[in-house]
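What TrEMBL says about this one:
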DOMAIN    41-287  domain 'G-protein coupled receptors family 1 profile'
TRANSMEM  23-47  transmembrane segment
TRANSMEM  59-78  transmembrane segment
TRANSMEM  98-120  transmembrane segment
TRANSMEM  141-164  transmembrane segment
TRANSMEM  205-225  transmembrane segment
TRANSMEM  237-258  transmembrane segment
TRANSMEM  270-289  transmembrane segment
Amino acid sequence: MESENGTVVTEFILLGLTQSRDIQLLVFVLVLIFYFIILPGNFLIIFTIRSDPGLTAPLYFFLGNLAFLDASYSFIVAPRMLVDFLSEKKVISYRGCITQLFFLHFLGGGEGLLLVVMAFDRYIAICRPLHYSAVMNPRACYAMLLALWLGGFVHSIIQVVFILRLPFCGPNQLDNFFCDVPQVIKLACTNTFVVELLMVFNSGLMTLLCFLGLLASYAVILCRIRGSSSEAKNKAMSTCTTHIIVIFFMFGPGIFIYTRPFRAFPADKVVSLFHTVIFPLLNPVIYTLRNQEVKASMKKVFNKHIA
């Protein structure tokens, strides 16, 4: 039945990652193995940070939230993608598509803002150490956490409102393995040029500005630590290098997908796979492997429960 905004499409057909059954099987096995190895690691990070009294600094508070956001983010696309690999017909309802799109940008926008907060935390810790405890007090940390969740919600709801106002009257084939803004907009049976520009401004410009701002902030931090003692310099360098790696993982694919006109490129699906499935699971692990305090605490927690 046609609704007030002209929508007659009730479901979308996902064309998937690839049409090759052999490649689908290979990706299915690899993602499944990766998913069940790395995802428990993210929950272990959360449990360790919450249970160890020694990990109460704001850095670990935000790291635990990053692990939670990334674990939640990985549930949006990966499980359905794995099920669809085993299905002949890959169908998602209109409401399911909008819901998936909302949470994708809600959690993704929140994570981008969380990385900005973590950069601010490192800047204060390294460049203004005497003011650190006053600026990054528990109340301020919770306020920043609330702000980034709210920012992610506002970013996502803008996308959803624009899409809900578009009429969809066919075709209904999405050339992807999940619902995202570029592919969904192209199926609207109206001129979407203005909407595309607004979407690029909301997603693409936000992603690019956050990315450039984060790189600039870490450049300032690295310049400030050049004259520090060897031990403090090495520790700060290790932390900043880890953050920069995660920034490239998070924002690189986002810039590729959202800062250009919505045209299909051969690499789109591969970039989307890493952006929505692989990198979200890896980010907290990368932080943890380069953080001696968290690694030592995780070993204690693991040995305690094994014993």
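Note that Cβ sites are derived from N, Cα and C of the backbone, with glycine treated the same way.
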Among 23-47, 205-225, 237-258, the stretch with the most Cβ pairs under 8 Å to the transmembrane segment (270-289) is 237-258
Per the Cβ under 8 Å criterion, with at least 6 residues separating them from its ends, the transmembrane segment (205-225) contacts 109, 112-113, 115-116, 119-120, 122-123, 126-127, 155, 232-233, 236-237, 240, 243-244, 247, 251-252, 254-255, 258-259
Task: Result, the transmembrane segment (98-120) in contact with the transmembrane segment (237-258) (3+ CB pairs under 8 Å) - done: yes
Per the Cβ filter (under 8 Å) with a sequence gap of at least 6 from its ends, the transmembrane segment (98-120) is approached by 59, 62-63, 65-66, 69-70, 72-73, 76-77, 80, 92, 144-145, 147-149, 151-153, 155-157, 159-160, 163-164, 178-181, 184, 203, 206-207, 210, 213-214, 217-218, 243, 246-247, 250-251, 254, 276, 280
When pLDDT is averaged across the domain 'G-protein coupled receptors family 1 profile' (41-287), the result is 87
Same-chain residues at least 6 beyond the ends of the transmembrane segment (59-78) with CB under 8 Å of its CB atoms are 31, 35, 39, 42-43, 45-46, 49-50, 100, 103-104, 107-108, 110-111, 114-115, 117-118, 121-122, 125, 141, 145, 177-178, 239, 276-277, 280-281, 283-284, 287-288, 291, 293-294
Near the transmembrane segment (141-164) in space but 6 or more residues beyond its ends, with Cβ under 8 Å, are 5, 58, 61-62, 65, 98, 101-114, 116-117, 120, 181, 184-185, 195, 198-199, 202-203, 206
